[in-house]
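Here is what TrEMBL says about this protein:
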- 631-653: compositional bias 'Acidic residues' (COMPBIAS)
- 211-333: domain 'C2' (DOMAIN)
- 366-501: domain 'C2' (DOMAIN)
- 917-1042: domain 'C2' (DOMAIN)
- 1089-1215: domain 'C2' (DOMAIN)
- 1365-1483: domain 'C2' (DOMAIN)
- 1603-1754: domain 'C2' (DOMAIN)
- 616-660: region 'Disordered' (REGION)
- 1242-1263: region 'Disordered' (REGION)
- 1851-1873: transmembrane segment (TRANSMEM)
Amino acid sequence: MALLVHLKKVSFLRGKGDRIAKVTFRGTESLTATFRWPTGSKLDGNEILEVQVLNYSKVFTNRLVGTFQMVLQKVAQDGHLELTDTLVDDNNTATKTSVTIEIKYQTLDGSAGMWSDGEFLDVPEDGTFSFETDSLLSGQSHSSGMSAKRSLQAGKGVFSAMKLGKMKSSKDDHRRGEVRTHCTHTDTHDTLKLGVGLRCPLVECFVLHSHRSKPDIKMEPSAGRPVDYQISITVIEARQLVGLNMDPVVCVEIGDDKKYTSMKESTNCPYYNEYFVFDFHVPPDVMFDKIIKLSVMQLRNLPLYNYSENEFEYLHNPSHQFYHKWAMMSDPDDITAGCKGYIKCDIAVVGKGDTIKTPHKANETDEDDIEGNLLLPEGVPVERQWARFYVKIYRAEGLPKMNTNIMANVKKAFIGESRDLVDPYVQVQFAGQKGKTTVQKSSYEPIWNEQIIFTEMFPPLCKRMKVQIRDSDKVNDVAIGTHFIDLRKICNEGDKGFLPTMGPAWVNMYGSTRQYTLMDEHQDLNEGLGEGVSFRARLLVSVAVEILDTTSTEIVSSTEVQVESVSNISESATGKIEEFFLFGSFLEATMIDRKIGDKSISFEVTIGNYGNQIDGVSKPSSAKKRKKDGESEEEESDLIQNSSEDEAEEEGELLSVSSTPPLKPFITDRNYFHLPYFEKKPCIYIKSWWQDQRRRLYNSNIMDKMADKLEEGLNDVQEIIKTETAFPERRLRGVLEELGAGCNRFMALANKDMNQAGRTRLDRERLKSCMREMDSMGQQAKQLRTQVKRNTIKEKLKLVQNFLQRLRFLADEPQHSIPDIFIWMMSNNKRVAYARIPSKDILYSIVDEETGKDCGKVKAAFLRLPGKKGFGPAGWTVQAKLELYLWLGLNKQRKDFLCGLPNGFEETKAARTGPGLQSVPPISLVYNMKQVFQLRAHMYQARSLFAADSSGLSDPFARVFFSSHSQVTEVLSETLCPTWDQLLVFDDVELFGEASELRDDPPIIVVEIYDQDTVGKAEFIGRAFAKPITKMCDEHYGPPRFPPQLEYYQLYRGNNTAGDLLAAFELLQIGQAGKAGLPPIDGPTDPERGPILPVPLGIRPVLSRYRIEVLFWGLRGLKRVNLALVDRPRVDIECAGRGVQSALIQNYKKNPNFSCLVKWFEVDLPENELLHPPLNIRVVDCRAFGRYTLVGSHAVTSLRRFIYSPPDKTSNNWASAGTSFSAVSRQPNMISADIFNKKEVENEKDKRKKKKKKKGEAEEEEETDESTLDWWSKYFASIETHMEVRALYSHLLLTCGWWVYNQELEDEYGNFEDWLHTFNLYRGKAGDDDERALDDDRIVGRFKGSLCMYKVPLSEEITRDAGFDPNMGMFQSIPHNDPINVLVRVYVVRATDLHPADINGKADPYVVIKLGKSDFRDKENYISKQLNPVFGKSFDIEATFPMESMLTVSVYDWDLVGTDDLIGETKIDLENRFYSKHRATCGISSTYSVNGYNVWRDPMKPSQILAKLCKEGKLEAPQYGPGGKVKVANRIFFGAAEIEDESGRRQTEEHLALTVLRHWEEIPRVGCPLIPEHVETRPLLNPDKPGIEQGRIEMWVDMFSMDMPAPGPAIDISPRKPKSFELRVIIWNTDDVILEDDGFMTGEKMSDIYVRGWLKGQQEDKQDTDVHYHSLTGEGNFNWRFVYPFEYLMAEEKIVISKKESMFSWDETEYKIPARLTLQVWDADHFSADDFLGAIELDLNRFPRGAKTAKQCSINMVRKELQLPTISIFKQKRVKGWWPFVARDENDEIELTGKVEAELHLMTAEEAEKSPVGLGRNEPDPLEKPNRPDTSLMWFLSPLRSIRYFIWHNYRWLILKILGLALLLLMLGVFLYSLPGYLVKKMIGA
């Protein structure tokens, strides 16, 4: 075998020079003119030959002129070929240079040259070409004005039909020797290619995979439905804002909503602590696009720095929140400027049912580390850079004709104008900004070639870009289609990652149908809300990102969106256009909704605009010509249009048939119809032209298949764990092995077609990153496999779940290629319902893994209503169920398109076949093979059904559909758990196809469950799918497959689950013998049920005898029934047809408990626990005259938790006897400390003192005084908010441990259902909102009781125990349920994050406590304008259980006018707590003390409690031994044995008893954790906003039985009063202050210095020193005192300020602000505003120690504040030193602007009263006047002195010289003046 290539000539080369040619085949290169390759294996039709022409250079590397590639398909078949074609350059654009080559190929057997199936072009001998079909050109040949025949030379572009651009190099194929299976009917030459050229027989493809794909169960579209969201933002403070002495305000903006904080004066680090809440009711997609923007504004001149963040982030952040993070501000108008400051904030986005967890608050100093706490999602680097995002919009095509505008139609009618009616433009939204292209007037194929440039930080916090084509209109612009680009999918942030890049690639847009009505009812779909129901258009876009170097000068610094034009891109850049062929066959159309059953029905299939009967008809004018010339620009856009079936071709054109012939449906039953597709199955086929980007879809398919396999495996593992069958770890190992193999297979396959045309950078980068991911995933899977053990399986399962998410993420291909396929059901030419099938799912490939999961398989598709019509009940009903077969592939692979259909059919071709059409696809298939079956549906029972009637129950029946048959079970009334126990037999079911295929892959069965209503039609409850087990007539009916086992099938109602169905299905073939050959059916056994057949014995479960004991405790909270109160209720318990009734409650109002506690009944239940039927609890009200009314019901779906397990005598530690209740573990998020002796505490103190002394520092402070400690000290020491306070109280932790629970106590301790369970009773129809959110409204009361079930008989030893009361059964030692009087003491500590209730964004909260008839409204103590109020209140209420057992704690908002609004409330069931074994009546303290803040609260001492617990648990009494030992249940505990009280030290057992109580869970058999002294945090909920937290409240409840000794007084937890302090600041001197002014006469630099100071939050109490005028050196002397009185909370380290917000405020508002002192230095000016020079802010709790001298004082004291040791004025009391003043220069750098010597002296108010001082230098205790240089006196008061100083001081020599010279001149003048007179006198001689 050999291949010979003769390179003849290369023409039209540009320029001169030496040229060489290089030819590559199978990875081997050759540089001669004739090339010969001996081929060891047969030539593959897909192999490629590549010719490269290069400019030859002796010195440099050879430069490429162009490349020519061709597929050797034609050569492989003809053996000889000569052709001329153009070369393609690096960018895939055609050059003018052409090459002429001749190729010969000879095989051993001479088989080349045979062509089959007419797949390619035949070249007749005369050299002219005739196209067999017009497939490549898709258009009318006559319209192109050219004959369809042309010469070979003219058809230069002919072979571009076979030129695949850069396709895979075939060497990989041979290296791996891949086995490929082909599915073929007639091909003789097509065998498997193996590396050694062997032939091997063909594998039939249907053996390899099943013919049916899984149906999608979830019917209702979930997107697009509005949901409630609440966004809460707390703006805490800002720091390092650029600008001096500004008055900043923070604006929080979400969408169009804006809220502002209050203004803070003259500071650049304002403290706000203001809380804002935004409520939204929108679809999730709209929510994701909302941007949160924080801006800082200055009220005077509004500089605006901002930070924006996309919601998307929060909803993807696992906790949906950021807590105490710093947002970095930047200036939108100047991106080169860098950071403009930081805002500290909390942001949370809460949907329904989300809870906000308050994280453990870290140390304040940790949070002050701004860099480490930036508000950025995980994985985003701290240093974000500016970047440009370039979105290039090239062109669009296939736009719908948007004549939605009435005027357009009118215009058209009058003027006859037939222009295109669309004026499209593209709008891109990103990070809160919008950019638009220009509008292309009147164009369906607009070309923009523009780029939109966004400037944004990188990585951006906004994760998606919204690209929308809109139609410009004078009135309002309409969206044509929307596409979201997810940036996470087009970049990779790993170390080998890449910046976001995409395209140029086509994106497909979907939206509403193309029915042009005036109002488009599905317009939302075009906006991107919900699933699109039709193809709208496709748009060619690309995205690129460039990181900016902000230091360069050319860069435009604004973030405004820019729009520029870009050059056009070449045709081939997006891939080579290939002809695709879509084939579909409708095998069955059943379950057609009866509303449309009377009209004839057809189905239309569309792909893009091909096949669309409305828009698909526009005839492209010159497509053929262009296709053949290959040089036209718009080649592609015309190809998008399609020749529809009505257009006949004179040349025998292959037509597309896109819809089935209309047929009248037949009736199946009273709800559904079916179409008579019996023997004859209609087919459709469509040809379309798309860029060949199959590789993208192939890779996606490989990963999808891996993910599906993995998901299936994980479900298996979970099922095995759930059912506790054997060895889940083995299955998990198997799953991991499969995953590893899949990863390796991906890496082997995905690398192909690397050089195909149209590969974008994203394709290459994605491939690399997918390969890396797969490699690492394969390695990890291998590693995990070895680690999977029985005990680690749960955690390993979680890791594998992560793999699944990663796979799903990777499989989603961001660059589209072929649009999705839509199937529409048309009734009366109206579009009724649709199904959308992704094109990748039905894409064909010769490699099995790459093939779509539904390609060449029969798929059950359920059609649904489009858009909003599909929400709610309408979305659950099936409009039609199709069994259809689809195949999509290249036209040249078309021979395989029928290979997946069930065998046994004949093709029916279209009548009008031209002469050359052997390979026309069939328009229908006729099956002559049919099999007859009997289907047996064993319908056993259903459970947890949906309540469809107002009684809260349903009357369910099931309807079973199979093929076109349906049957119904009987109706069972008033139950949610029907047991039908019924066999439905479907006789003579005809199925088409081969018997063997049907055995392995029968059609699916649909079971629908309905609620029967007396009036109106039955209401849909849910739907399940099942596959029957098939028995052929030659098989034996017996194990292992028969009889089939009952299985659970999940019922779905929309997207939500609606219960389970327990059933089995078998499909039995009826053979020659007829029904006699089938296994017999037992006749009806139950005479009462008439002809109804029961489920046969071998299938129904094996039963055992069980006894169910029921504990009847009481009923609570029953609501009225039909407006009448419930007075005499009774509870009926029923399970599997047997049951028991409780005693009647005679007067519900007086005592709602039952008189008889325990009753039992016996019942036969299945051995297998999973098949146990549900137990129904019903409450009825017995009225007069023997009438009963149903009050409510509850179904206990799983009885497993009530199965009694006998106590295990061998085990040491098990939680409870009797029923298997789970022991509760303590969560590690609370703090507890063991008991220490006081001595140890003192030793600790001493040690600490010594340590301090050693360090040579002054001891900072004597230890906290015992007397100053109170309950709040204890609280703050326990809560993790204040780590620094814990240092202060650390010894306290040794003496008291408080548990501060971050959630409700019920969540920690299993709802206190250790023996008493609460069952909610429901009545009324269930809501259909998501996750059944409305269930709370259906609750009409609660039944309290319990269940215990066990097999009969029970072993003797249990009943033989001492004191066993047979009347109580398994419920021994249960307290009596008579009414009991209880003192309930409710402590409300504080509330946090309340929802604002007033317009000003605040609330005035107060507490309301309700219990039974008691109602405490603490209205007069409301807290003004607070969202985090500290209540510190306790309430005592006397109550009688069980009548008053539901405690409601509400927080209301006080209003001056009108009623007060409820903010939120929480409800606590006190009864369960009171009776719980966890002893939730009064928390066990961690120490026992008789007095002080930590006094023991319980009326019973620890020893009494311990004795009582031992007695109840039938243990021996505790034995106290010497030396602090106690023995309980054979365990020894140690503890302190002494206590100190007023009378001194004495022996006590209490500490020891307390030690045992704190470790009670370690006691065998009876132990369980006892509740410690605690504070619980409960969410506040508001009935108007169900499921969304409105704040949280911290509280606890103590309960004391009234027949016990009275408890002590309530603990005082009233809020701490702030302590009054006075801070005295003496400003002694300044130095090195920068000099701002120029001297008036001398021009010298100087400053008139003064210092201003204030405490943060008290700006109105600013104090200034006097002015030191004319400082020439920056030195100022002041000796000036500031005095600041303030109120301070030590524990919280906050100053408390109470002031009215405005003159209109009703009362004062309390603010808590950090203690910070601000000192500023100013330059005084007489006529203009004073100049600000610098400032320093000292945090009075942590500020650097002042320098000893001015020289040692440097800017590092500010810069390195965190590294320097700090001091607290509250400990040090008096500090003196030098501190630096700083300001920011023009470059935003900190610079030193002066130094100040100050003394800070802190005194309490009492001390200050004793030693008063004056302000400034006033009495009392005046400071001496500063020794200032004289110059500082005003120059206009003593001008001479000033002149002396200024002029004499500096210019005295000059002045002396001038004076000397003047004297000399004077003398000379006098001399000259007197000289003449003197001379005259002399001459006269006088």
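Keep in mind that glycine also has a Cβ here, set from the backbone N, Cα and C atoms.
Look at the domain 'C2' (1365-1483): DSSP puts its residues at 12 helix, 53 strand, 54 coil. Helix, strand and coil counts from DSSP across the domain 'C2' (1089-1215) read 10 helix, 56 strand, 61 coil.
Here the transmembrane segment (1851-1873) has no Cβ contact under 8 Å with any residue of the same chain six or more residues outside its ends. In the predicted model, residues of the domain 'C2' (211-333) average a pLDDT of 76.
Applying DSSP to the domain 'C2' (366-501) sorts its residues as follows: 19 helix, 57 strand, 60 coil.
Across the domain 'C2' (917-1042), DSSP assigns 6 helix, 61 strand, 59 coil.
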